[in-house]
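Copied over from TrEMBL, here are the features:
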type: DOMAIN; residues: 9-227; note: domain 'HpcH/HpaI aldolase/citrate lyase'
type: BINDING; residues: Arg70, Glu128; note: substrate binding site
type: BINDING; residues: Glu128, Asp159; note: Mg(2+) binding site
Amino acid sequence: MQTAPRPRRSVLYVPATNDKALAKIASLACDAVIFDLEDAVAPEEKVTARRSLVRFLSEAGRADKEFVIRINALAGEWGRDDLEAARALRPDAILLPKVDTPGDILEANDILDAAEVPPELALWAMVETPRAVLNLGPIAELGRDRGARLACLVVGTNDLVKETGISPAGGRQWLVPWLLQIVLAARAGGLDALDGVSNDFRDLDAFARECLQGAAMGFDGKTLIHPAQIGAANAAFSPSGDAVAEAERIVAAFATPENAGKGVIQADGRMIERLHLDQARKLLARAGRGQA
Ligand SMILES: CC(C)(COP(=O)(O)OP(=O)(O)OC[C@H]1O[C@@H](n2cnc3c(N)ncnc32)[C@H](O)[C@@H]1OP(=O)(O)O)[C@@H](O)C(=O)NCCC(=O)NCCSC(=O)C[C@H](O)C(=O)O
Ligand SMILES: [Mg+2]
């Protein structure tokens, strides 16, 4: 039996410069934390932010969360030193910002390989530039199935809006085609996909709707900027009670002696194929029901 996939329903950005926010992490119910050295850190604070993060992560317990470090772009002034510091801290993943091409990911991949960093240290990639969206197919080819470290695509809606000039309002209708492309590419490459942030962290009703929209599009979870957003993300990206019950019915239906070995059966007037059995097992694994 396979182990259950690691949940990435709620993935919280924490600026590496914000000591109060760093201290709060241990008490939060998010699945993962992204320690940010990039957008949330002003240029004049980049070096002190890196030092603070090294200090914090050297002392902090890992608890039950996935730890990810977002470095600055390798092509810029701070990226190489960030990568060096980040790899020494042995996070679960390093998140690369402003990725344009597969080459941007391979560059980081090669540096880690050359330093003999174990392959368990994954790379995550921000999809937040027009070129990244256009290059999604080749980028998604860099997954672990193909010997590279890429494990997750993370949408950067703020930068996509900035770079394209589209409006983020109206239920994100202009973003939706690109969001779906990102999910599609992630699935093709066997990667996870995380939806972008919602800046309006006081409007939790709108946020809950956006989480449900992201879950309906097939994202594995949502990136967050504030602790108040964790609950809605965990709820939206967890399988519902109805979905779990339905999956259990499908598994039970295929397990009966009369259905053993059949490719297609019927239950309650609906056709069920073995592909639905696969889907049901995956959903139960995500729900922590031990099936995979
Ligand atoms: C947006 C914020 C600046 C608001 O912070 P603050 O004014 O402190 O909010 P509150 O007073 O409501 O905070 C209540 C308590 O919660 C703690 N807190 C706040 N935010 C976080 C956090 N992210 N992680 C952990 N803890 C947090 C406060 O310290 C308060 O604690 P206490 O007083 O002890 O109860 C702030 O939320 C913030 O900085 N958020 C993250 C911003 C960030 O990281 N931005 C970069 C990533 S978003 C992005 O750019 C994605 C992508 O690249 C794109 O292009 O879209
Ligand atoms: Mg960004």
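In case you wondered, yes, glycine gets a Cβ from its N, Cα and C as well.
The local packing around Asp159 (Mg(2+) binding site), expressed as other Cβ atoms within 10 Å of its Cβ over all shown chains, amounts to 19. Highlighted here are the binding-site residues (Arg70, Glu128, Asp159) whose C-beta falls below 6 Å from ligand 1: Glu128, Asp159, in sequence order. Averaged across the domain 'HpcH/HpaI aldolase/citrate lyase' (9-227), pLDDT in this predicted model comes to 96. Following the DSSP three-state reduction, the secondary structure of Arg70 (substrate binding site) is strand. DSSP gives Glu128 (substrate binding site) a coil state; it is part of no helix or strand.
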